[in-house]
Structure formats: C-alpha cells, structure tokens
2 protein chains.
Amino acid sequence: MTDFAATRPLFDLPEGVIYLDGNSLGPLPRAAAARVARTVTREWGEMVITGWNRAGWMAQPRALGDRIGRLIGAAPGTVVVGDTLSVKVYQALAAALEMRPDRRVVLSDTGNFPTDLYMAEGLISTLGRGHELKCVAPETVEDHIDGEVAVVMLTEVDYRTGRRHDMARLTRAAHAAGALTIWDLAHSAGALPVDVAATGADFAAGCTYKYLNAGPGAPAFIYVAPRHAETARPALSGWLGHAAPFDFEPAYRAGRGIDRMRVGTPPVIQMAALEAALDIWDGVDMAALRARSLALGDLFIAEVEARCPALALVTPRVHRDRGSQVSFRFAEGFAAMQALIARGVIGDFRAPDIMRFGIAPLYIGEDDIRHAAGILQEVMEGRLWDDPAYRQRAAVT
Amino acid sequence: MTDFAATRPLFDLPEGVIYLDGNSLGPLPRAAAARVARTVTREWGEMVITGWNRAGWMAQPRALGDRIGRLIGAAPGTVVVGDTLSVKVYQALAAALEMRPDRRVVLSDTGNFPTDLYMAEGLISTLGRGHELKCVAPETVEDHIDGEVAVVMLTEVDYRTGRRHDMARLTRAAHAAGALTIWDLAHSAGALPVDVAATGADFAAGCTYKYLNAGPGAPAFIYVAPRHAETARPALSGWLGHAAPFDFEPAYRAGRGIDRMRVGTPPVIQMAALEAALDIWDGVDMAALRARSLALGDLFIAEVEARCPALALVTPRVHRDRGSQVSFRFAEGFAAMQALIARGVIGDFRAPDIMRFGIAPLYIGEDDIRHAAGILQEVMEGRLWDDPAYRQRAAVT
C-alpha cells in the first residue's frame with residue numbers, strides 16, 4: 001500500500017502553489033536535481049565518451065523502458081525510451097499500416113491530441129497510397145470499426161475532457177475486425193493502471209513529462225506487443241535500432257525486438273531526470289494510486305459544483321470512464337484560469353472553453369483540493385476574469 | 001582573433017587525460033553544470049508549466065538554431081534545434097524527394113555515416129516507389145551526379161577518414177543536374193567554417209554533441225534554404241511545427257519557414273547544456289579556429305609519422321580536403337586504442353582498422369598533441385596491443 005503522505009515530500013513544489021497541472025508537466029522530483037548534476041559532472045564531465053559504457057548510458061533506454069513497462073502492464077523487454085511522442089506515434093503507425101497493406105483507413109477520434117493526427121496526416125501524405133484519416137466522435141469509435149480499418153489510433157484519456165476510452169473493449173473490437181490498435185498513453189502512464197498486455201494492444205506510446213514527472217522535454221516511450229516485435233519494420237530506421245550499431249554496416253538490419261524502435265542517440269541528461277522520477281514510481285501501487293486519484297477527483301467535483309455553479313463538468317462522473325483529470329466548461333475559462341493561476345492554483349486551459357485540473361496523488365491531497373476549490377470560488381464570485389490583465393494570451397497557453 | 005589559451009579553462013576536462021575524441025562527444029563546458037542546474041531547479045522546479053513562457057523554453061529551439069546558424073553560414077531564422085540527427089536527415093530527405101517527384105536516385109557515398117544511409121533506406125521502403133539509394137566511393141560522387149539523381153546526400157567530413165568533400169563544388173554539380181543537396185554537418189559544425197548559404201546547400205543537418213560540446217544526447221539541428229522554407233513539406237508533421245500549435249486545430253497547417261521542421265516537445269534540459277556550450281562558441285572566430293585546427297593536425301601527423309612508422313595516415317594531407325580529425329590505419333587499431341586510452345589519451349576506433357583523433361582547438365594545444373604522440377609511440381613500440389585486456393570489445397566502441 002502506497003503512503004501518499006510520504007510521496008509528497010519527494011517533490012520540490014513551488015512555494016505557495018497548488019499544482020493541478022501535472023497532466024501537462026509534472027513537478028520536479030527532489031532527487032532529480034542531484035541525479036542530473038551527477039550525470040553532467042561525474043559522468044559527462046569525468047568520463048566523457050567512456051560514459052556510454054561506464055555510466056551505462058547506452059543501456060538506459062531499455063532499462064528505463066522496463067521500469068515504465070511495469071506501470072503500463074508491459075513485460076520486460078517490450079518498451080524502449082527515446083525521441084518524442086510524436087515520433088513514436090509515427091513509428092507505430094508506419095509499422096502498423098505496413099502490417100495491413102490492403103486496408104486504407106486510420107480510425108481516430110476528434111478528442112485525440114492533435115499531434116497524433118498531424119503525424120498520421122504527414123505519414124499518409126508521404127505514403128501517397130490513398131489512406132484516409134477518419135476522425136469520429138469519441139463515443140462512436142466502436143461503431144466505425146469495420147473491415148476497411150487498418151489501425152485504430154486513440155489516446156486512452158482525452159486531453160481536454162478527461163474522458164477515458166475502454167481500451168480492452170475497443171482493442172477487442174479492432175481485432176475482431178482485423179484491425180490493429182495504437183494507444184497513446186500520454187494521459188495514462190502514471191495516471192491510472194494500464195495493462196497493455198492484457199488488453200491486447202498492438203502498439204502503445206506515451207510521454208514521461210506529465211504524470212511521470214520526468215521534466216520538460218523528457219523522452220517518450222514506445223511499446224510493441226511481443227507478437228509483432230520481430231516483424232514490425234521501423235520506418236525511422238536509425239543506427240541505434242540496428243542489430244549491430246557499432247559494426248557500422250552499410251545496410252540496415254533491424255535489431256531484436258523492441259531495440260529496433262530506437263532511432264538516434266538517446267538524451268542522456270533528460271534520461272537522468274527520468275531515472276530519478278521513476279525511483280518514486282517504483283514504490284507506487286497503481287491500484288492504490290487509482291483509488292486515491294478517483295477519490296480526490298470526486299472531492300474536487302463535489303467542491304466545485306457546490307461552490308461554482310457557472311462551471312459545467314465535462315469529465316465523466318463514472319469512475320470507469322475517466323482518467324486522472326477533471327475539466328469544466330466555462331465561456332470565460334481562459335481569463336478565469338489566468339486569474340486562478342495568479343492566486344497560486346495552477347491548472348490550465350484548452351480552447352475553446354475548457355479549464356483542466358490534473359489530479360496527481362503523489363503530491364496532491366484533500367487539503368489542496370479543498371483549498372483550490374475555495375480559490376476558484378473567489379475567482380468566480382468576484383468575476384475576476386473581467387480583469388483585462390487576465391485576457392492576454394501568451395505564446396503557450 | 002580568438003585566444004585559444006583562454007578557451008581551454010572554460011572546459012572541465014578529466015584529470016590526467018588528453019582528450020582527442022571531441023569528434024565523438026565533446027567535453028563538459030564548465031558553465032554547463034550551473035546552467036543545467038538552474039534550468040532544473042529555478043525553472044522546472046519553481047516555474048513548472050509556466051517555464052514554457054517565463055523561462056523561454058518554447059522559443060529556445062529557434063534561438064539556439066540562430067546561434068548555430070552563425071557557425072555554419074546560415075541566416076537567422078533558417079536553423080532550428082530538435083530531435084536527433086537521424087530524424088532531421090529523414091525530414092530533409094523526405095521533403096527533398098517530394099520536390100523531385102520524377103527522379104528516383106538518392107546519391108550518397110560509402111563514407112557516409114551509417115544512420116544517414118539507414119534512414120534513407122527506411123524512407124525509401126516507406127515510400128515504396130522504387131527509389132534507389134546509390135552509394136559510391138567518396139572520390140567519385142561527382143561522376144555519378146546525373147539527371148536521375150533526385151538528391152545528393154552527403155556528410156561533409158567522413159567520420160572515419162576525416163576526408164572532406166568540396167561542398168560548394170558538389171552542390172553546384174548537383175544543381176546543374178537538377179538535383180538537390182542534403183549536407184550532414186556532424187563533423188563540420190564547430191570543426192571548420194561552413195557556409196551553407198554561399199555554397200547553395202538546399203538542406204543541412206547536424207548534431208551538437210561533438211565539436212559543439214553540448215553533451216551526450218544533445219539535440220540535432222536542421223537548416224532549410226530560405227528558397228525552400230515555405231514549400232518543403234515536413235513529413236514528420238508534429239504539433240510544434242504547426243502554424244498555431246496551441247490552437248489545437250484538427251488539421252495540420254505547416255508553420256512559417258523553419259518552424260515547420262519542429263516536431264514534438266523540445267528537450268529543455270539538454271537545451272540548457274547546449275546554451276552554455278554555445279556561449280563559448282559565440283566568441284570564436286571560425287577562420288582562426290580552422291587555422292589552428294589545421295596547424296595542430298599537421299603537428300600531430302608529423303609527430304606520429306616520425307614516431308610510429310606502423311601507422312598509415314588515411315586523412316588527406318591537403319588542408320582543403322580534410323576536416324578536424326586525423327585518422328591512421330593499423331590492423332591492431334582496436335587494441336592499440338584501448339592501450340592508449342588506458343594511458344590517458346582518449347581517441348577512438350572505427351572498424352575495421354581506423355584509429356581516430358579529433359582535434360578541437362578550444363581545449364587542445366601543442367603540448368597535448370606532442371604528449372599524445374609520445375604515449376602513442378610507447379604503445380606502438382611496446383606492442384601493448386598484445387595485452388588480452390585490450391582486445392575485449394565493449395558494447396560501445
């Protein structure tokens with residue numbers, strides 16, 4: 001049983017802030033600063049090139065992949081770390097489409113994170129073989145799985161609404177129709193228990209900078225089901241995915257299993273932060289995390305609905321159907337969120353009108369939830385969003 | 001005029017080591033440790049999500065790209081940082097092939113770094129339109145540029161031999177034949193003056209962890225000639241290359257100019273190290289660097305040839321034709337290099353028989369060169385490569 005009172009001091013949280021944006025960027029694990037400094041000074045500084053072997057840098061993408069694997073139900077040797085989520089989604093989709101050469105539809109939904117859709121669009125254009133990216137309403141995905149669909153490509157938890165797909169059910173439906181599945185776990189890994197093996201997912205990918213707390217620009221990960229691992233062709237066939245990278249052979253030979261999904265040189269310094277972040281996760285029971293996340297989410301919903309009648313819940317109330325964030329719709333949501341942030345409660349906003357609040361039990365407790373709801377009430381009752389200072393948009397929102 | 005005695009103390013070099021492997025991984029700039037620590041603690045730790053704006057993380061790929069641009073003759077706004085070199089080569093090649101739809105040959109050479117060839121192979125397979133990757137001997141590239149060639153894709157400086165292509169001449173020949181050029185600057189950026197604009201290069205890409213000293217896993221960069229910048233289609237069309245990434249539009253619209261070559265979330269912590277590394281480069285005159293690199297290279301060649309008759313120079317003696325490394329051929333080169341490293345002179349080995357020595361004037365001087373040659377002489381005269389301990393290969397060599 002995980003003691004969540006004990007995990008909170010493992011994070012360096014900004015003074016005077018209630019941080020409800022871990023679904024966008026997790027906070028700094030206290031040990032990460034020292035771990036990164038060690039990699040920079042003791043490893044890069046003192047070992048220089050020999051760090052690839054002596055400090056184990058070259059083996060890190062697989063070692064870290066295995067540790068993420070435990071959180072998403074993936075067996076050791078089926079997850080590898082590297083690149084960005086966009087790139088990993090591209091690799092998965094390119095491999096999957098080749099495995100269904102007679103089908104032309106990539107089925108996704110309008111709640112998928114745009115980069116997944118953009119990467120698919122780019123790949124389809126590169127292929128030039130008339131594939132179609134079909135985006136349907138999230139609730140209707142199952143109705144659109146038919147014999148034309150090559151790949152069902154979905155993000156398990158909707159980045160705006162927090163609505164959660166039924167991964168097992170949709171994967172079964174896809175397989176029954178002869179299609180493959182790609183699951184984006186950006187809002188799942190570290191947010192709730194995932195079991196890619198049990199649900200039968202063919203491919204999965206995710207990022208590590210949200211709930212996993214590995215820092216800004218932390219690398220992504222990719223999972224390939226063992227039944228595909230020796231046949232999936234990595235479209236991005238970089239040297240570190242080669243069977244013998246340091247033999248410098250002129251022709252590409254795909255590495256064994258998940259190794260082939262490596263591309264270029266891994267980001268050693270970012271991986272140091274990821275390693276420190278995963279040290280915390282190693283001790284976390286995912287069922288306990290889920291129970292606590294849902295309880296805190298329920299509390300936040302109850303508090304906000306009692307205090308802020310103008311906010312309309314968009315996240316499903318049913319536990320099964322939601323991830324680890326709570327979102328409300330409000331026409332002046334952008335400015336209201338700025339006002340809230342100015343008062344030390346950090347959530348975020350997604351156009352056109354969604355205020356998002358991430359629930360991360362590792363460092364958020366009942367007091368934070370109640371306090372945040374109280375400040376939100378002040379913002380709403382005071383109509384603080386009318387202040388012109390809160391209406392200006394910055395580059396990143 | 002750059003004072004190279006003043007740049008050496010800006011690096012944390014390992015105690016008792018002469019580091020001649022900056023062509024593989026540059027050493028730690030002394031200021032990088034503090035810069036990285038600041039990004040981790042003051043930015044990620046204290047600003048968390050607001051760091052994207054307040055600490056300028058989102059703007060860094062372009063800002064750092066401009067600073068690299070000065071070193072490679074690229075105008076501001078034509079270079080952007082991100083991903084790995086493999087990924088950037090893929091983007092350039094995918095875009096270039098689309099610009100020459102009626103041609104089927106990618107011309108490269110057998111001295112190109114394997115990942116460039118592997119990525120091309122992967123792209124060609126993905127395209128499935130009968131493209132051919134034609135690899136010829138480096139000296140014969142120009143003879144093979146004809147009306148069938150869509151793209152000439154070369155690494156300016158050969159990673160094994162240190163032989164340098166004539167970028168201006170080959171680019172002219174390519175253009176005369178209606179082909180485009182992609183230049184891999186992995187062994188050029190920070191090694192010698194490059195002028196992508198004057199030579200007319202269409203695309204260029206490079207890494208920042210070699211001569212630029214940005215650390216293990218530091219991000220790559222890509223250059224697109226301004227004449228192509230608004231038409232080149234980014235095959236890897238990620239959300240940060242979108243014209244309005246934070247509008248979360250369902251369809252992709254390519255960003256303006258070089259922005260479209262961004263893909264996913266940039267590696268903020270690695271970029272902090274790159275920023276510190278570039279602080280040193282901002283003060284370096286590239287012509288002075290080149291003169292010193294060649295003088296040190298000449299000295300190393302003269303010293304080694306005088307002391308080690310068994311080593312055969314493979315790097316061109318002619319200044320124009322070489323980069324900033326010196327390589328020797330020796331059948332027992334692997335074990336000899338291990339023996340040398342054990343004595344504090346770090347170079348590296350590339351199969352089957354090449355001993356490589358990188359010359360980086362920012363932290364290497366005449367005394368280092370003479371001292372290294374003397375220790376190499378001891379290794380050679382003592383036949384130290386016969387020691388079984390030096391014959392064992394590690395994963396990374």
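Including glycine, each Cβ sits where the backbone N, Cα and C put it.
Just so you know, TrEMBL annotations are computer predictions that nobody has curated.
Between the candidates A:Thr50, A:Thr140, A:Thr155, A:Thr161, TrEMBL assigns the pyridoxal 5'-phosphate site shared with A:Leu85, A:Ser86, A:Phe113, A:Pro114, A:Thr115, A:Asp116, A:Asp184, A:His187, A:Tyr209, A:Trp239, A:Thr265 to A:Thr155. In sequence order, the recorded positions from A:Thr155, A:His187, A:Lys210 that place a Cβ under 8 angstroms from a chain B Cβ amount to none. Neighbour density at the Cβ, taken as the number of other Cβ atoms within 10 Å, is lowest among the binding-site residues A:Phe113, A:Trp239 for A:Phe113. Whole-number maximum of the Cα to Cα distances across the pyridoxal 5'-phosphate-binding residues A:Leu85, A:Ser86, A:Phe113, A:Pro114, A:Thr115, A:Asp116, A:Thr155, A:Asp184, A:His187, A:Tyr209, A:Trp239, A:Thr265: 30 angstrom. Of A:Leu85, A:Phe113, A:Thr115, A:Thr155, A:Trp239, all annotated as binding-site residues, the residue with the shortest Cα distance to A:Lys210 (N6-(pyridoxal phosphate)lysine) is A:Leu85. Its Cβ taken as reference, A:Thr155 (pyridoxal 5'-phosphate binding site) is surrounded by 27 other Cβ atoms within 10 Å in the chains shown.
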